[in-house]
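Everything on this sheet refers to the single structure shown next.
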Amino acid sequence: MPSTSMIEDRGEIERRRFEYLDHPADIQLHSWGTTIERAFEACLVSMFGYMTDLEKVEEQYEFYWKVSGDSMDGLLFQFLDEALNSFHAEPCFVAKRVEIMRFDKEKLEIEFRGWGESFDTSKHETEADIKSPTYSNMQIIEKSDRCDVYVIVDI
């Protein structure tokens with residue numbers, strides 16, 4: 001199966017709830033869901049999917065995180081950055097699936113977990129190295145039946 005970053009089939013893109021948009025120097029992640037929680041989850045999975053083929057990632061163990069922010073954009077940044085730090089440092093965790101267990105919009109806190117495994121160069125291919133999410137052109141668009149999230153990541 002082609003990597004997530006190469007999928008162009010609209011049906012498959014809709015099923016996954018994310019796509020990659022061209023950007024002059026980096027890449028823009030666009031994710032969506034029926035709620036802000038589902039859109040954030042899809043955004044995080046899309047970030048991992050841009051770095052490696054998630055079809056080759058097994059759900060071997062769970063990893064837990066808790067983050068807070070000073071704004072909704074800051075919360076999204078911390079959400080992505082904390083998970084990315086778990087990929088860049090031991091145990092080099094890559095999540096195939098993510099679930100937000102608690103999303104407090106007033107306190108700007110998220111507790112979440114991911115299912116995946118440690119990145120293994122003998123099993124997983126590196127497709128891109130994401131250094132960090134950015135605030136550049138970050139957008140969270142909430143409507144009554146859908147939330148869209150746009151994040152440019154530094155590669």
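Counting starts with 1 at the first residue shown.
Glycine is treated like the rest: Cβ placed from N, Cα and C.
What Swiss-Prot annotates here:
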- Asp26, Asp154, Ile155: Ca(2+) binding site (BINDING)
Item to check | Cβ contacts of Ile155 (Ca(2+) binding site) (under 8 Å, same chain, 6 or more positions away) | outcome: Asp26, Ile27, Ala128, Asp129, Ile130, Lys131
Checklist entry - What are the non-local neighbours of Asp154 (Ca(2+) binding site), defined as same-chain residues 6+ apart in sequence with CB under 8 A from its CB? => result Asp26, Ile130, Lys131, Ser132, Pro133, Thr134
Next on the checklist: I want to verify one value. Collapsing DSSP to three states, which class is Ile155 (Ca(2+) binding site)?
Outcome noted: coil
Item to check | Conformational class of Asp26 (Ca(2+) binding site) under the three-state DSSP mapping | outcome: coil
